[in-house]
Amino acid sequence: MSKALTSAIRASCRKPTLLPAFPRRTVTTKPAYEGHIPLNVFENAFLAVGSAVMSLADPRRGDMIAALGETTAGPALPRLRDLMLESAEGRQILKDRPRVNTHTVDMTALARLPEGTFGHAYVTWLERCGVTPDTREPVHYIADPELAYVMQRYRECHDFYHCITHLPVSVSSELALKFFEFANLGLPVAAISAAFGPLRLSWPQRRRLVTEYVPWALRCGASCRSLITVYWEKRWEQDVGEMKRELGLWDAPEAKWPKPLKEAKAAAERRAAAAPVV
């Protein structure tokens, strides 16, 4: 992920200048986990600025958005980790370190769950939006392995937040969810996205974002339980309405979906019927 950009940043940091010499880097160059790319404070700052510029120039660059999230996380990740440690459910997540992708989650089994359960709702949401959980970037730039997992967990649970708040995948919906995530989790990347993302919207879309989605996002995100502490994979069979009441959530304002609900449900049913029951 963005190794070329990282190499360029390091090369620029090492070019001789007329400024007084800084102390030699003290950050370890030995990776702390598979895929880790150690950075010193100057490299981290360069990557943060570079990834922010690239993300604004091309919002489809998921690798740059991921790098921005990691290099700007600061004290937010230790705070989220501490929140997880305060609850039994959160502690179990940190112990198990579950991952969310099509190799770890049996989508066919979820499709066979009764309608109204969270697992069935999640598969239906994936079908309705035409997305897969396999597109999340791995964490590279966070030095502490446990905090790196917290960031990975946030990243891989993003679609659960969409599903449980009844938001599709669109620019307006993503921005609404970023406001929600900032109120709920306090990650700087959510605030950055929320601040600059509306520039991509038309005036009517921006007005609806400000008058409808943002008030919902700030109220709901600030008042509900911190979603980083929810062990979603243990709740596949839970009723969605019951889960929302437990977590203090309510639906976002109605949005335009890329596929009708009836069509998505039919696709989920076909998925359940196609695979043999083991």
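Cβ from N, Cα, C; glycine included.
Please treat TrEMBL annotations as automatic predictions, because they have not gone through curation.
The Zn(2+) binding site annotation in TrEMBL covers HIS158, ASP159, HIS162, GLU174.
Locations of recorded TrEMBL features on the structure.
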residue: HIS158; record: Zn(2+) binding site; Cβ contacts under 8 Å, 6 or more apart: ARG136, LEU177, GLU181
residue: ASP159; record: Zn(2+) binding site; Cβ contacts under 8 Å, 6 or more apart: VAL100, TYR122, TRP125, LEU126, VAL131, PRO133
residue: HIS162; record: Zn(2+) binding site; Cβ contacts under 8 Å, 6 or more apart: TRP125, CYS129, PRO168, VAL169, SER173, LEU177
residue: GLU174; record: Zn(2+) binding site; Cβ contacts under 8 Å, 6 or more apart: SER193, GLY197
Other residues, Cβ within 8 Å of HIS158, ASP159, HIS162, GLU174 Cβ centroid (Zn(2+) site): PHE160, TYR161, LEU167, VAL169, LEU177
